Amino acid sequence: MSKIIAINAGSSSLKFQLFEMPSEKVLTKGLVERIGIADSVFTISVNGEKNTEVTDIPDHAVAVKMLLHKLTEFGIIKDLNEIDGIGHRVVHGGEKFSDSVLLTDETIREIEEISELAPLHNPANIVGIKAFKEVLPNVPAVAVFDTAFHQTMPEQSYLYSLPYEYYEKYGIRKYGFHGTSHKYVTQRAAELLGRPLEDLRLISCHLGNGASIAAVEGGKSIDTSMGFTPLAGVAMGTRSGNIDPALIPYIMEKTDQTADEVLNTLNKKSGLLGVSGFSSDLRDIVEASKEGNERAETALEVFASRIHKYIGSYAARMSGVDAIIFTAGIGENSVEVRERVLRGLEFMGVYWDPALNNVRGEEAFISYPHSPVKVMIIPTDEEVMIARDVVRLAQ
């Protein structure tokens, strides 16, 4: 039995989950919020009960020390020697990392070198890595990359039709994200279908505030909707998804915004929020749509129709599909979005049952037994994938 902690460090937050392996039993999980901001919040679940403390946590190193202290204080572990490995989520692995990697001074330096590819995420991930290294220097640590799963994409999928030297000199290409989630749900789908992953053509729809679709053939990602950054692809909570690139100088000219300001609009003021005009939360938009709000209805249709189009194109790309998977906050819980996405896919062998679709947050088949293409809901578990990779690489 080993104890593995999975970490997801954001710029002002730290999510954690402690596993007993190989049983994959969750011993505790929690979240530190508002790190470096007044009134930081530390939340930990003990025996299913949430314990919350509001205090000042000036940086990630203090957050890590507090977390480890709480694990012993609540008797979850006797002492720090019980922690056998640490797994860190890292958003961007560039082309360098096509798999998770054991963290050494050299690999940490290499992750720092590709941070310009994910300036909003990687620096925070590295802060988390260094904070744990300081407190637990002798415990093996592993980085698990969001991009790694998509490194199997062929050139025709990842290259942009730009001057080739941009790819050679600057690494400009599609990388894709949510890889750990897409990998988990496609592996789980094969188990639930009782078929070898190598034989399956799967379309995975990770729909949360950020959303991406992946075409997975024989267990390998062959295409995905996000691109060089997580801004590309389908419309999202606050992100635009794909737009005509010529719009950027046009918007700059019309609104007197700088390029950075337009980019901020595309990242934080677009998507469901931009179209609806009032919320990035899908639940609010579904409610407003039911009450007759036309912009809310349009936002829902824009969101669903973009996903619908990716499913069609990826089915064509793989010459068919065996199963469509819905996962993440919206994919697992929104009956309405699944219904809108699936509507009209009967031509490709998708027959789903509205009664079976009336389910939230649990594993389920929502297609009829006779449907040639299965439709599944699989709650994602990125943390358990991180823990598995720590066991695989560190022990």
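Backbone N, Cα and C define each Cβ position, glycine as well.
Sequence-distant contacts (6 or more apart, same chain, Cβ under 8 Å) of D146 (active site, proton donor/acceptor) comprise R89, V90, V91, H92, G93, F177, H178, G179, T180. The active site, proton donor/acceptor feature in Swiss-Prot is assigned to D146.
Residues or ranges marked as Mg(2+) binding site by Swiss-Prot: N8, E382. Here E382 (Mg(2+) binding site) comes close to N8, R89, T180, S181, Y184: these same-chain residues lie at least six apart in sequence, with C-beta atoms under 8 angstroms from its C-beta. DSSP assigns E382 (Mg(2+) binding site) to a helix in the three-state reduction.
Within the same chain, residues at least 6 positions away in sequence whose Cβ sits under 8 Å from that of K15 (ATP binding site) are I7, N8, A9, K29, G30, L31. Feature annotation from Swiss-Prot assigns ATP binding site to K15, H206, L207, G208, N209, G210, D281, L282, R283, G329, I330, G331, E332, N333.
Reduced to three states, the DSSP call for H178 (site 'Transition state stabilizer') is coil. Annotation comment: Swiss-Prot describes H178 (among others) as site 'Transition state stabilizer'.
DSSP assigns R239 (site 'Transition state stabilizer') to coil in the three-state reduction, outside any helix or strand. Under the heading site 'Transition state stabilizer', Swiss-Prot lists R239 (among others).
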Among R239, R283, which are recorded positions, the residue with the most C-beta atoms within 10 angstroms of its C-beta: R239
Surrounding CB atoms that lie within 10 Å of the CB of H178 (site 'Transition state stabilizer'), all protein chains: 30
Where N209 (ATP binding site) sits in the secondary structure, as DSSP reduces it to three classes: coil
Spatial neighbours of R239 (site 'Transition state stabilizer') among the binding-site residues L207, N209, D281, R283, I330 [C-alpha, 10 Å]: N209
N8 (Mg(2+) binding site): secondary structure state under DSSP, collapsed to three categories: strand
Neighbour tally for L207 (ATP binding site), based on other Cβ positions within 10 Å of its Cβ: 27
